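Over in TrEMBL, the protein carries these features:
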- 45-67: transmembrane segment (TRANSMEM)
- 73-93: transmembrane segment (TRANSMEM)
- 113-132: transmembrane segment (TRANSMEM)
- 138-159: transmembrane segment (TRANSMEM)
- 171-191: transmembrane segment (TRANSMEM)
- 203-223: transmembrane segment (TRANSMEM)
- 244-262: transmembrane segment (TRANSMEM)
- 282-305: transmembrane segment (TRANSMEM)
- 310-331: transmembrane segment (TRANSMEM)
- 337-355: transmembrane segment (TRANSMEM)
Amino acid sequence: MGKAQDVQLHIVVQEVKGANSLESTNFTHQSTISQPKVSKSWLRVAVYTLFVLSGQSAAILLGRLYYDEGGKSKWLATLVQLIGFPVLIPYYCISSSKKTAKNNVEKTRPSSLVLASIYVSLGLLLAADSVLYSTGLLYLPVSMFSLICVSQLAFNAFFSFLLNSQKFTPYIINSLFLLTVSSSLLMFNTNSEIPSGISRDKYTVGLVCTIGSSAGYGLMLSLTQLSFQKVLKTETFRAVLEMMIYQSLAASSATVLGLFISGEWKGLKREMEEFEPGMSSYFVILGSTAMAWQIFTVGTIGLIFEVSSLFSNVISVLGLPFVTVLAVIFFHDAMDGLKATAMLLALWGFASYIYQHYLDDSEGKVQNNGNADNNNVKEISLIPLLKEVSH
């Protein structure tokens, strides 16, 4: 969800000439009252971050486990990534019931046809991206798959440059270079890295699909941001949930259609019966995978509104190299020097990307403080947040 959203917790103090000691006492009292709010905000950020990291890690590992234990359906593996969206409906109902006079978005709301076109288009893109994702996970080791997925940050920056007026600075360029090299290094891994039962051709297909999935995800983030900026012209909690629910509905419908058109549905009964841990484990693994993806989604939405969409995206990307470590532990994937180098380059590229946005945030705060001083208003930021470059 590449929406340029800055959510900042701050205190605005009106400076009036000749302020007496009573005003100073009121400010101190206001600051004291705000401290619990700050603590609660940090707690929510920590919880949502845990949701993102744990949900994503569990979903990837369970998806690989499904294939390892006898699962064969790419369309079913895709469907479990999307089908859990009804868990978001209660959040949407709650947000819809909290309408205020300040939030009168109906006047600027696009027509139903325009909204449907956006939701269906992005939903189809999400479905196609998820199919590529499932195919890559089927043919690649989890460790390699996760490291290649880190490149989604580079693709996001590239498409943001084309569609969202993202500026390319030396740090962004350095990040793009490092992330590209990190993913490219994995192309030179030896045949010993190919999973048993996977041919060289399928292994190559897995590489291409994983890179395509990362590119598709980056494109989807930028198109979503563009939709909010140019068409929807609102980024409320309700609007984002609405986007995700209808987009997931369209994607799920397309995936179900693909499951039947491909004919994979005919082999599902046999797949259940031949699943090595048993039929009950079959449903537990698929159900747990769907739940893990929705935990990840809830954490993603939470971070967008507690901090920013950039922060949400980079936390997701940050967790991918650690999935590589988990894959070594649980699936006994090899950790050779080439893969370790790729991981370090990915983390370096990630750090370079974040540092640039930290500089942007600091510059923005200086400008805001300058404007505030001109208006006799002083803004004190209690939580430094990352800011996306979008104009």
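Each residue, glycine too, has its Cβ placed from N, Cα and C.
Curation plays no part in TrEMBL annotations; they are all automatic predictions.
Most Cβ pairs under 8 A with the transmembrane segment (113-132) among the ranges 138-159, 203-223, 282-305, 337-355 are made by 203-223. Most Cβ pairs under 8 Å with the transmembrane segment (45-67) belong to 310-331, among the candidate stretches 73-93, 310-331, 337-355. Within the same chain, residues 1, 3, 5, 7, 44-45, 47-56, 58-59, 62-63, 65-66, 69, 71, 76, 80-85, 87-88, 91, 237, 240-241, 244, 271-272, 275, 311-312, 315-316 sit at least 6 positions outside the transmembrane segment (282-305) and bring their C-beta atoms closer than 8 Å to a C-beta of that stretch. Under 8 Å from some Cβ of the transmembrane segment (73-93) lie the Cβ atoms of residues 59, 63, 66-67, 126-127, 130-131, 133-135, 137-138, 238, 241-242, 244-245, 248-249, 251-252, 255-256, 258-259, 262, 264, 267-268, 271, 286, 289-291, 293-294, 297-298, 301, all in the same chain and six or more residues away from its ends. Distant neighbours of the transmembrane segment (203-223): 1-2, 122, 125-126, 128-130, 132-133, 135-140, 145, 148-160, 162-164, 183, 186-187, 194-195, 309, 313; these residues of the same chain sit at least 6 beyond its ends, with a Cβ under 8 Å from one of its Cβ atoms.
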